[in-house]
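Scroll down for the structure; my scribbles are underneath it.
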Amino acid sequence: VFNRKTVSLSSEPKNGDAGEGSGVALKKQIGLVSACGIIVGNIIGSGIFVSPKGVLENASSVGMAIIVWVTTGIITAIGALCYAELGVTIPKSGGDYSYVKDIFGGLAGFLRLWIAVLVIYPTNQAVIALTFSNYILQPFFPSCFPPEGGLRLLAAGCLLLLTWVNCYSVRWATCVQDIFTAGKLLALGLIIIMGVVQICKGHYYWLEPAHAFETFRDYDVGLIALSFLQGSFAYGGWNFLNYVTEELVDPYRNLPCAIFISIPVVTFVYVFANVAYVTAMSPQELLASNAVAVTFGEKLLGVMSWIMPISVALSTFGGVNGSLFTSSRLFFAGAREGQLPCLLAMIHITRCTPIPALVFTLISTLLMLCTSDIYTLINYVGFINYLFYGVTVAGQIVLRIKQPDIYRPIKVSLLWPVIYLLFWAFLLVFSLYSEPVVCGIGLAIMMTGVPVYFLGVYWENKPQCFHIIIGKMTHLCQKLCLVVYPDMVKNPVPNPQKKDQNKEDDKSPQMNA
């Protein structure tokens, strides 16, 4: 079903958004600032504003919670460093999917793609959009919860608007991301400044060592592991820039630079925002709040407290945009590799945006908005998502062994992936121990992709009538969306040391007539 079967509609880009050069292809339009905006904007969603209490609750003390935030930021930076090496060694869009597929084979890559297509991205985008609509509507319903139908309709409107922006122009999408990332950083900067003012006024009781490690429950290794897991999920999104490698200007330079800038910024913001919270609230008050930043604003901002819910809304709006932008590139990469319908690998003939992949992302997310089990699904697949981070970093070690002489513009010490994998194994073991049923269901959902892989990808000699039907449907969709299969270049960045290596890989994907 996923064999490439397209109709050739040749065209040249007609407007400036398509960029320079001949042919129809994804253009390099993401500079360093926008690259940082993608990472920071995808990591910082609603979590740091709404509920950092998960880390504190399991850490058992303020001091331990701050240690967890710092340590998790360091581990995230180590993981991002490993991804930076992989990103410039295998300079293809698709992120960990592309790396897992190239290193461990088609089935492993497809399972990563399958769980992302089926659950991870649609549910995450649906939840972020619902959070956005909740904070927009809350002022109109001060004494009760907004109606469920209104929340879902506004969330759908947010998704439709941002999908249109992403379909219209890559530059527009990155501008939206830059503006809203700057907005959420300003809001968090306001929280940190207010925390500094509180400390200057002497409100630092819970930051003094004697009180910071005062426990409200006994320390427990299992609970501390869950605290680290909560912190790791809060840093989720650090690998999203790897999904758009081929659209980066000078990826050998900008990919690692964006990572080295963004992860420390996010770690600083997370740590000091949590420090600021405890200058105005006791641990008990923080744990009792369902929206920590809102409670913090009500205590310190007075009549200006409306700034915080607006900040959460703007932050989640930018988060939806970043998730749509990067997830569509993952589906684009999967289709280009022949593991999703080839229509998803096509781009608009003038705007050079992956419209079919974006529309597919939109439809799957809208379907998730219609279900009441979104949060349950996220719990089930969160473990799987984190599992593939470790598999990808392990792939870095495997690639060093299998291809020690491959050109690596960045080559990190193997000590770093080993440290990351030890931390990763620690978290996964305790996840399996504490929630075996949830993890088991997540694995079962992932394994449903095995028969799909063998029927859709591995089985090539399908009936001719099936190919004819798929070809006609693809042709119709091409006409409706004005999309064609792009000019493909396997290595988007010149690699003088590897001209003769992997000649088979350098060929453009074959299209069955």
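Yeah, the Cβs are placed from backbone N, Cα and C, and that goes for glycine too.
If you check TrEMBL, you get these features:
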type	residues	note
COMPBIAS	1-13	compositional bias 'Polar residues'
COMPBIAS	497-513	compositional bias 'Basic and acidic residues'
REGION	1-21	region 'Disordered'
REGION	492-513	region 'Disordered'
TRANSMEM	30-50	transmembrane segment
TRANSMEM	62-83	transmembrane segment
TRANSMEM	103-121	transmembrane segment
TRANSMEM	153-173	transmembrane segment
TRANSMEM	185-206	transmembrane segment
TRANSMEM	221-245	transmembrane segment
TRANSMEM	257-280	transmembrane segment
TRANSMEM	300-320	transmembrane segment
TRANSMEM	355-377	transmembrane segment
TRANSMEM	383-401	transmembrane segment
TRANSMEM	413-434	transmembrane segment
TRANSMEM	440-459	transmembrane segment
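Of the candidate ranges 30-50, 185-206, 383-401, 413-434, 30-50 contributes the most Cβ pairs within a distance under 8 Å of the transmembrane segment (221-245). Within its own chain, the transmembrane segment (30-50) is flanked in space by residues 128, 131, 170, 174, 177-178, 180-182, 184-185, 187-188, 233-238, 240-241, 244, 247-249, 254-255, 257-259, 261-263, 265-266, 269-270, 273, 290-294, 308, 311-312, 315-316, 318-319, 321-323, 325-326, which lie at least six positions past its ends and keep a Cβ under 8 Å from the stretch. Taking Cβ pairs closer than 8 Å, the transmembrane segment (257-280) reaches residues 32, 35-36, 38-40, 43-44, 48, 52, 55-56, 62, 65-66, 69-70, 73-74, 76-77, 80-81, 83-84, 185, 188-189, 191-192, 194-196, 198-199, 203-204, 206-207, 234-235, 238, 241, 286, 292-293, 296, 299-300 in its own chain, all 6 or more past its ends.
Contact counts against the transmembrane segment (62-83), taken as Cβ pairs under 8 Å, peak for 413-434 among the stretches 153-173, 185-206, 355-377, 383-401, 413-434. Contact between the transmembrane segment (300-320) and the transmembrane segment (153-173) holds: at least three of their C-beta pairs are under 8 Å, each pair 6 or more apart in sequence. Where the transmembrane segment (355-377) meets the stretches 153-173, 185-206, 383-401, 413-434, 440-459, the count of C-beta pairs under 8 angstroms peaks at 153-173. Recorded stretches compared: 153-173, 185-206, 383-401, 413-434; the one with the most Cβ pairs under 8 Å to the transmembrane segment (440-459) is 383-401.
Within the chain, the transmembrane segment (153-173) has long-range Cβ neighbours (under 8 A, six or more residues past its boundaries) at 17, 27, 29-30, 125-126, 129-130, 132-133, 136-137, 247, 317, 320-321, 324-325, 328, 348, 351-353, 355, 358-359, 361-362, 365-366, 369.
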